[in-house]
Amino acid sequence: MERVLIVNADDFGLSKGQNYGIVEAYRNGVVTSTTALVNGEAIDHAAQLSRELPALGVGMHFVLTLGKLVSEMPGLTRDGLLGKWIWQMAEEDTLPLDEIAHELACQYQRFIDVFGREPTHLDSHHHVHMFPQIFPIVAHFAAQRGIALRIDRQTVLNADDLPSDLRSTQGFSSEFYGEEITEACFLRILDASAHRGEASLEVMCHPAFVDNIIRQSAYCYPRLTELEVLTSASLKAAIAERGYRPGCFLDI
């Protein structure tokens, strides 16, 4: 059975170092797709680079935890900025869902304005779209527009509630992250997916070159390690040996 492998690099547009790392991992490695933060400091730079790489799938990285909003959103911002207090609000069930739905639409339009096309798919920064309160909003938004959505099926409480026409990969992994960023880890993800019989798999990653913006991130130097692993010739060969076909979300 042929299996589609999507290696998606998050955080396109966060910084020039992030952008260049993603492009390097695409040109000389196994990355096949990326998702862009439309409020990132280097989003215009990301769009410029993407025009030189028409085969690179570019989706939208919905942001509710970092930087400035595209719309007005007093219910979630503090001093005009987003932050990680969204987790506490989710636990207290005080999220401004109407504002979030409006911000999603505004970020989507901003993506089209910057990139000149619709995104290939949607996911989110820090996986906020998987919050139980937010997921239905994003899932129906994606289904209405016919674009794919990253779904962590271990997080979705009731798969029966998914829109019938919503596209996603059968498998998703965020395990290539943190302390163990190795070729062996990456291949274990593939082997586990194959064992489950999944015909399509998305692996999340964050390859980057370190610059001043990336240095401010709690997840900084591991991005360089990711880049090293993702551009290794041995990893590319091992993926091919396992029968995976590189693809993007337009292929599912």
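Yeah, the Cβs are placed from backbone N, Cα and C, and that goes for glycine too.
Here the structure is a predicted model, which means the values were calculated and not measured.
Summarising the annotation, Swiss-Prot assigns Mg(2+) binding site to His61, His125 and lists sequence analysis as the type of evidence. The Cβ of His61 (Mg(2+) binding site) lies under 8 Å from the Cβ of Asp10, Asp11, Phe12, Gly13, Thr35, Ala36, Leu37, Asp123, Ser124, His125, each of these being in the same chain and 6 or more residues away along the sequence.
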Taking 10 A as the limit, how many CB atoms besides its own sit near the CB of His125 (Mg(2+) binding site)? 21
